[in-house]
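Only one structure is covered here, and it is reproduced in the block below.
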Amino acid sequence: MQELKKIGVDEHLGEFIPLDIPVITTAGDTVQLATIFQTGKPVLFTLAYYECPMLCSMVLDGVAQSINTLNWESKNRYQVVTISIDSAETPAQAKTKREAYINRAVDTSLKYNWSFFTAPQSTIDTLSRALGFQYYYVEETDEFAHPAVVFILSPEGKISRYLYGLNYEPKDLKFALMEASDGKVGTTLEQLILFCYHYDATENTYVLFARNIMRLGGIITMILLTGFLFIYWKKEKKLKMAKLN
C-alpha cells in the first residue's frame, strides 16, 4: 500500500516541459527532444516502457485505437511521441514496439508521425517531474508501477491537457489536440463545434457547454438577420431604381 502512494499524477497544466534534453531514436542516435517539436504540430505524448507486461500496452492500444477511429490524418495535424521510462531499454526494443503499432495503423502517414524513444535516466527524471508523472520501480518483480495517462502538448511543449484511463474517445483526443494547437489544426466547422464544449475534469471528457451554445446561437442569429436585412435592402434599392427609370 505504501508503494501505491508513490503512483499518481500531479497536473502541471500550462507549464512547459524542457526540450533541451537528450532522447535516443530507434536508430540509436541521440537527439534533443526539441527536434521533435520543430514541426509546429501539437503532440500526443506518452510515457511507457516497452517490456511492460500489461498497463503500458493497454494505454498504447487505447491510443492506437482512438487514432484509428479518429478519421483525422496525422500528416498535417499532430504527432505522437512515446518515451520509455526504463533507462535500461534499448533502441531495438523501441523499434520493435513502434513497428507493432505502425503496422496496425489505419493512418498510413502515422509511420512518419509516431516516434518511439529510449532515454537516459536524467531525461526520464526531468520529464517525469515536469509532467507530474509519478511512477515506482517494483524491485521484487522488476516492473514499473505507473498511472494510465497520456499528455497533450502544444507545439512549443506546453502541457495543455491530461487524458486518463485506457480508452480515449476520438472526440476528446481531437478536441484536446485542437486546443493545444491554439486553433491551427481542425476545420472551421470543427473549431465551431469545439467552441460548444469544455473539458470536464471530473468526467475526464469534453461536455457541451450551455453558455457557449447560447453565445454561438446568438452569433448565428445575428449573422442570419444581417444577411436577411442586407438582401431585403438590396431588393428595395432595385425596386426604387426601377421606379425612377
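Any Cβ shown, glycine's included, is placed from N, Cα and C.
Note: TrEMBL annotation is automatic and uncurated.
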TrEMBL pairs C56 with one of C52, C196 in a disulfide bond, so which one is it?
-> C52
Alpha-carbon spacing, H146 (Cu cation binding site) to C56 (disulfide bond), which is rounded to whole Å | 9
Taking each of the disulfide-bonded residues C52, C56 in turn and counting other Cβ atoms within 10 Å of its Cβ, which one has the fewest?
-> C52
Using the Cβ centroid of C52, C56, H146 as the reference point for the Cu cation site, which residues of the same chain not in that list have Cβ within 8 Å?
-> A48, Y49, M54, L55, S57, V59, I85, F144
